[in-house]
């Protein structure tokens, strides 16, 4: 096959992934990015001018209305362009798989404690819509001055604004609606990206189905791709990984092949939207852009770039100007508070091998095996071998090697971010494209492909690396809140039983209460975040005292230090208004007596073996 024939599809300007009907999915991706970018700009203005949340809701609602209207009009035009039944049936099949992906993202219940960081600010504004937009942490109890977070929750507050306008509980959007949208877009991004490299509609559909099954299969570790995509579609950082990054790649290739202001604006919108959703994007996107530009040039020509190529590259780079400004602003906070070696990065490895080990299960090394085999297949048989070789080599040279990893960790990513850089590699794109090569080889290849897809489907549902296996902490149920049933029951009962006020509860219960109500600021929460927030403000109740009192209550710690910390806390003027005690605790009777003497009453029993003690308001010190 001649080079000009090989590159013909790669250079086409009508590729809306190259297949009729894919423009609809590209429009959805662009519309989602446009909404998030416009919402981010609204929230930036409101934050800078200290405008109220209700004012921000008006702006976010207007952004939603504009993008939905524009998307609807564009999609209607695109549907009318479908010429025959084959194209229409292809669109129907792709839409079915996209909706299946959305339903799966809504139905997978894998609770994550990170929610206790991302959700509370939105709940606070929904309960205080006239409060000014700011960066204060409102859900931490017993601090003299509210800490200020360096990460502003643009993505979550955009959802909160929609929840306010719709009159719905926040988790209806955060845990149900938006994961459904992200699941749909996750498939859409994969579909249009596949269409850039494969122009046979049937093969693209088979490959896209394989993609869905593959992400369900890739759950071998907590940080494997499946657990960071469809299982956590509610988190902005993994929305970026599964939707934002492939969207950026797709629209970048479109722009580099056929530059236009519309494509430039879409890329700029994606950049703003994703950098607002997660600081990870501020690191990812510049390196991803550089890699894609280099790989694209290597695919089309092995010669040094000409002046016009450099000009195009510079124009492409200007789409990242807003991201660069956002990154520089964030860095001012990060260097002082969350740099390499800081408390929030404690426990994460510092070596290249150990960072790689975070995403590799030594008993089931599925991710590295699939990556290696598919890379070899692509290098041997794909007409895009130069593109993927350049992609992998560029990232290996810039970021992903043991000789440079320490510098990258110390000065760019920190320990708890570096491992995410492995997902800059073309994975799981390459295994899916490798399957397409097999499907196109012969009739035997088609049969082998269908067999492989069937086997993948079986292990995706029942295999030892399945995202859906119980050992992965996952259940599959009707779409709903992603909170464990027992923890949710305990949290909801505690909220109903107590009046609004500060609370000391086990971390697991406290974290879930923060997802359900803004009326109960907590004394303890996730250790690393609690330490970070307390270190940024003065407080009379130290981190050590909070942890010691919690250990006395919930870990049967009967040491003098733990007992003293608890007694000092409940006799303090900053004592919790509510304390959740554990009935099975060895020292439960002693704790009950101490609480009664300090002016607390046994208010009610809570499922899970807890009792809620509340301070008599007349006895408040």
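Just so you know, glycine gets a Cβ as well, placed from its N, Cα and C.
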What range among 127-149, 150-172, 173-195 does TrEMBL describe as transmembrane segment? 173-195
Have a look at 297-315, 316-334 and point to the one annotated transmembrane segment in TrEMBL. 316-334
Transmembrane segment per TrEMBL, picked from 201-218, 219-236, is residues 201-218
If you check TrEMBL, which stretch out of 444-461, 462-479, 480-497 is marked transmembrane segment? 444-461
Considering pairs 6 or more residues apart, do the transmembrane segment (89-108) and the transmembrane segment (201-218) have at least three CB pairs under 8 Å? yes
Find the member of 173-195, 238-256, 316-334, 388-405, 444-461 that has more C-beta pairs under 8 Å to the transmembrane segment (262-295) than any other listed stretch. 238-256
Lying 6 or more residues past either end of the transmembrane segment (238-256) yet within Cβ distance under 8 Å of it, the residues of that chain are 15, 17, 26, 29-30, 32-33, 155, 182, 185-186, 189-190, 192-193, 196, 215, 228-230, 232, 263-264, 266-267, 270-271, 273-274, 277-278, 280-281, 284-285, 288-289, 292-293, 296, 312, 316, 319, 420, 423-424, 429
Within the same chain, where does the transmembrane segment (388-405) have neighbours whose Cβ lies under 8 angstroms from its own Cβ atoms, ignoring anything closer than 6 residues to its ends? I mean 6 or more beyond. 287, 290-292, 294-295, 298-299, 351-353, 355, 375, 378-379, 382, 418, 421-422, 424-426, 430
What residues elsewhere in the chain lie close to the transmembrane segment (201-218), defined as a C-beta under 8 angstroms and at least 6 residues from its ends? 17, 19, 86-87, 90, 93-94, 97, 100-101, 104, 186-187, 190-191, 194-195, 224-227, 229-230, 242, 366-367, 370, 428, 431-433, 435-436, 439-440, 449-450, 452-453, 456-457, 459-461, 463, 465-468
